[in-house]
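J.: Annotations per TrEMBL:
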type     : residues : note
TRANSMEM : 28-57    : transmembrane segment
DOMAIN   : 32-476   : domain 'Major facilitator superfamily (MFS) profile'
TRANSMEM : 63-85    : transmembrane segment
TRANSMEM : 97-116   : transmembrane segment
TRANSMEM : 122-143  : transmembrane segment
TRANSMEM : 155-177  : transmembrane segment
TRANSMEM : 189-208  : transmembrane segment
TRANSMEM : 283-305  : transmembrane segment
TRANSMEM : 320-343  : transmembrane segment
TRANSMEM : 350-369  : transmembrane segment
TRANSMEM : 381-410  : transmembrane segment
TRANSMEM : 422-444  : transmembrane segment
TRANSMEM : 450-471  : transmembrane segment
Amino acid sequence: MEAMEVESQEPNRPESVLGPRKPRLNNYAFACALLASTISILLGYDIGVMSGAVLFIKENLKITSTQVEILVGILNVCSLIGSLASGKTTDYLGRRYTIVLAAAAFLIGALVMGLAPSFPFLMAGRVIAGIGVGYALMIAPVYAAEVSPAMTRGFLTSLPEVFIVFGILLGYIINYALSGLPQHVNWRLMLGLAGIPSLFIGFGVLAMPESPRWLVMKGRLGEAKRVLIKVSDSAEEAEVRLVEITQAASSGSGHGGSSTSSWHGQGVWKELLLRPSPPVRRMLIAAIGINFFMQASGNDAVIYYCPEVFKAAGIHSKKMLFGVNVIMGFAKTFFVLASALYLDRFGRRPLLLLGSSGMAISLVVLGLGSKFLEHSTSKPVWAIVMCIVAVCGFVSFFSIGLGPITWVYSSEIFPLRLRAQGSGLAISVNRLVSGVLSMTFLTIAEKITFGGVFFVLAGIMVIGTVFFYVFMPETKGKTLEEIGALFECTDNAKEMREK
């Protein structure tokens, strides 16, 4: 964990209270964040396994390309419902039970998909699973952020993306392993197997504590202190954190929230959308912007339809197509782990800007390779290899930057009272854009070719890189209660960008 051995820059913190300047990874906080983040494996598995299963579903159920787009995209569109509802739900039920709810929804959806006798039943399963995914995407990073110490929050809050990528890789491996089974059996197993981790996650999460910040919002200070003692390095540090959280929840810096058991998230939407203060407006722009560009980059669509892209490039063997997917999955896994480990050392902004720039370059190379293959009858091996390398580069740079950092930013920049519903709103934009792209990717590619699509996505990532440079301040080493100051005025944000 070399990346965790960074020198603390936390201002106004007595070294005697917070411990040595080289922070250690708190094992209990790590275990809590790890367990909560496992819910994200469900989305990753669906993305990975669906990219291969859809080839067999199309042949077995005799559906059209348009139906394929709807089938793939409907999960992301319906996850919008879960994301919008998740903020209010988690403010009412708590972070822990919201994770259980997400796992239950995905379990039901996976069973319906695996047993589906027809296309309508398959669609119904994806609608149910999609709602569960929406809940999971919001709650996992929020819970991880709320139990994490400031100096290791980047690593712990990026764990949901690590599990998404691990789920994608697992889906690719299952595709490869089951592709030799009869057509009417293999895709059902591919989709139905997602119910197994859902079951274990739902029960496993019950063993972890509730978020201390949610407990403070409910006025349960004694319980919050007990949790903070476990996720801090000393009782003194836990006391300091409890005072900060209590002040943020009850004072003006917490945007008018009060720590009372009667509060269930009421009034937050009005404060976010109808009468936002200038800092809240800047937070919304940052959170919605990064979530928009995460999916406008085309990442989900490229992964879902990667076999279609390479079929057009000249690879027709299903085993070979799934083999390329496995290579891509290992590349994503390696780089997301590297990013997670070094996020608290290098900071959010440098890795985000590196990742988005690399994605733009990779998409240009992929567009050039695809255009060459479109006009070539011989399909030379070097051009196919160039496309494979470009796709691996694209997903690797995504895993360095936008992949983990989107969840980190979304869960840490909002004040306590607005965090769950603000994060849910930003992630609902994420799911909407993902659903629209997934439902239109093949149709657009038919009009302007795959090469044309990749050039458009490259242009979007150039715009995204500029947006990140202008609107995303550095949050490394700040407590959740201190981050709000970064959005108080543009001069402060500019100063932090220059550090």
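Keep in mind that glycine also has a Cβ here, set from the backbone N, Cα and C atoms.
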J.: Residue list, the transmembrane segment (283-305) vs rest of chain: Cβ under 8 Å, 6 or more residues beyond ends.
T.: 47-48, 50-51, 54, 72, 76, 168, 272, 276, 328, 352, 356, 359, 363, 391, 394-395, 398, 402-403, 405-406, 409-410, 413-414, 418, 422-423, 425-427, 429-431, 433-434, 437-438, 441-442, 453-454, 457, 460-461, 463-464, 467-468, 471-473, 487
J.: Okay, the transmembrane segment (189-208) and the transmembrane segment (97-116): do they have at least three CB pairs under 8 Å, pairs separated by 6 or more?
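T.: Yes, these stretches are in contact.
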J.: Need a quick answer: max count of Cβ pairs under 8 Å to the transmembrane segment (350-369), which of 28-57, 320-343, 450-471 is it?
T.: 450-471
J.: Out of 28-57, 155-177, 381-410, 450-471, which stretch has the largest tally of CB pairs under 8 angstroms to the transmembrane segment (320-343)?
T.: 155-177
J.: Any chance you could find the range in 63-85, 189-208, 381-410, 422-444, 450-471 with the most Cβ pairs under 8 Å to the transmembrane segment (28-57)?
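T.: Ranked by Cβ pairs under 8 Å, first place goes to 189-208.
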J.: Take the transmembrane segment (189-208) and find every residue of the same chain, 6 or more past its ends, with a Cβ under 8 Å from one of its Cβ atoms.
T.: 31-32, 35-36, 38-39, 41-42, 45-46, 49-50, 52-53, 96, 99-100, 103-104, 106-107, 110-111, 113-115, 125, 129, 132, 171, 174-175, 178, 181
J.: Cβ pairs under 8 Å with the transmembrane segment (422-444): which stretch of 63-85, 155-177, 381-410, 450-471 has the most?
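T.: It is 63-85, which has the most Cβ pairs under 8 Å.
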J.: As a test: from 63-85, 155-177, 450-471, pick the stretch that has the greatest number of Cβ pairs under 8 Å with the transmembrane segment (381-410).
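T.: Per the Cβ under 8 Å count, 155-177.
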